[in-house]
């Protein structure tokens with residue numbers, strides 16, 4: 001039996017972090033957590049790209065452009081969508097979630113969903129470092145692990161086959 005899994009060694013990995021300015025009180029804390037996690041695990045400053053966008057819906061366009069560039073080992077999408085008085089919350093939360101899932105199905109680059117969808121600002125702040133850990137930090141760990149898993153899957157399954165065809 002072969003078991004393949006990623007690890008938390010970030011040396012040499014190129015990671016993009018997409019973060020909206022909307023709900024900056026929360027998203028800035030998520031970004032701090034993500035950057036802390038990446039750097040603690042060896043991802044160097046020069047290999048981290050932070051892309052600031054207006055709001056969470058703009059992440060869909062930004063993800064497509066970053067994937068087209070083909071230079072990142074993983075992409076983290078952060079955000080805070082907080083329920084308001086209108087249906088807008090449902091639209092934004094559903095569309096960004098569907099888009100990330102779709103990109104993950106159709107891309108070779110892991111995209112990590114670090115968008116908080118909460119009923120209140122307090123819940124969002126709690127998940128951005130106040131009481132329930134920092135989901136940005138957690139997203140960084142997932143990005144590193146998945147980027148390494150991607151590399152290991154290629155190495156273990158693609159490279160042996162390409163050598164045998166020569």
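We number each residue from 1, going along the chain as drawn.
Just so you know, glycine gets a Cβ as well, placed from its N, Cα and C.
The active site, proton donor annotation in Swiss-Prot covers 88. Applying an 8 A CB threshold to same-chain residues 6 or more apart, the list for residue 88 (active site, proton donor) is empty.
The Cβ of residue 57 (5-amino-6-(D-ribitylamino)uracil binding site) has 18 other Cβ atoms within 10 Å, all protein chains considered. Swiss-Prot lists 22, 56, 57, 58, 80, 81, 82, 113 with the feature 5-amino-6-(D-ribitylamino)uracil binding site, giving sequence analysis as the kind of evidence.
Look at Swiss-Prot and you will find 85, 86, 127 tagged as (2S)-2-hydroxy-3-oxobutyl phosphate binding site. Residue 86 ((2S)-2-hydroxy-3-oxobutyl phosphate binding site) falls outside any helix or strand according to DSSP and counts as coil.
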Three-state secondary structure, which DSSP defines for residue 81 (5-amino-6-(D-ribitylamino)uracil binding site): strand
Alpha-carbon distance [residue 86 ((2S)-2-hydroxy-3-oxobutyl phosphate binding site); residue 80 (5-amino-6-(D-ribitylamino)uracil binding site)] in Å: 16
Residue 58 (5-amino-6-(D-ribitylamino)uracil binding site): secondary structure state under DSSP, collapsed to three categories: helix
Structural state of residue 22 (5-amino-6-(D-ribitylamino)uracil binding site), classified by DSSP into three states: coil
Long-range Cβ environment of residue 86 ((2S)-2-hydroxy-3-oxobutyl phosphate binding site), under 8 Å and at least 6 residues apart: none
